[in-house]
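Summarising the annotation, Swiss-Prot assigns disulfide bond to C91-C107, C120-C140. The annotation domain 'Cystatin' is assigned in Swiss-Prot to 29-129. What Swiss-Prot lists as motif 'Secondary area of contact' is 73-77. Swiss-Prot lists 1-26 with the feature signal peptide, giving similarity to another entry as the kind of evidence. The site 'Reactive site' annotation in Swiss-Prot covers G29 and is backed by similarity to another entry.
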Amino acid sequence: MVHSQLPVVALLRLLCALLLLPSATMIPGGLSPRSVTDPDVQEAAEFAVQEYNALSANAYYYKQLRIVEAQSQVVAGAKYYLTMELMKTKCAKTTGKPKVYKEIQNCELPPKAQQEKLTCRFQVWSRPWLQKIELTKMSCN
């Protein structure tokens, strides 16, 4: 009788061990590393650059050089935590219609001696079913 229970006990132990292993999937509420090339990360980065330029008092536009790091968190939607490098361009902000992301990315950079690079941390909250995306935090240095 004891021998017939051994496979069941072993199977239960294996199942318990598997349940305790960390999961590679996104955990609701937890931060998960993301590839900087994921389309939703790219979309959040574009939005962050657009908002940075709209909110900053700089006379010139800044464009995205690269996404250094990306993480996301499942909340009521998705929150993206982005660390990005931005560079000041030669494109001056003028009154009227502001430039969109793709136009800003086409702006020329000043000569090396005049270049200004920023490292920025952005939090972008996306709720696609509401067609809402917003910049919730921004800090650059």
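Using N, Cα and C of the backbone, Cβ positions are placed for all residues, glycine too.
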DSSP helix/strand/coil residue counts for the motif 'Secondary area of contact' (73-77): 0 helix, 4 strand, 1 coil
Cα-Cα distance linking C91 (disulfide bond) and C120 (disulfide bond), given in Å to the nearest integer: 20
Three-state composition of the domain 'Cystatin' (29-129), taking helix and strand from DSSP: 27 helix, 47 strand, 27 coil
Spatial neighbours, same chain, of G29 (site 'Reactive site') - Cβ under 8 Å, 6+ residues apart: Q73, V74, V75
Intrachain C-beta neighbours of C107 (disulfide bond), sequence separation six or more, cut-off 8 angstroms: Y61, K63, T89, K90, C91, K99
Packing count at C91 (disulfide bond) (other Cβ atoms within 10 Å of its Cβ): 18
Densest Cβ neighbourhood among C120, C140 (disulfide-bonded residues), 10 Å radius: C120
DSSP-derived structure type at C140 (disulfide bond), helix or strand or else coil: strand
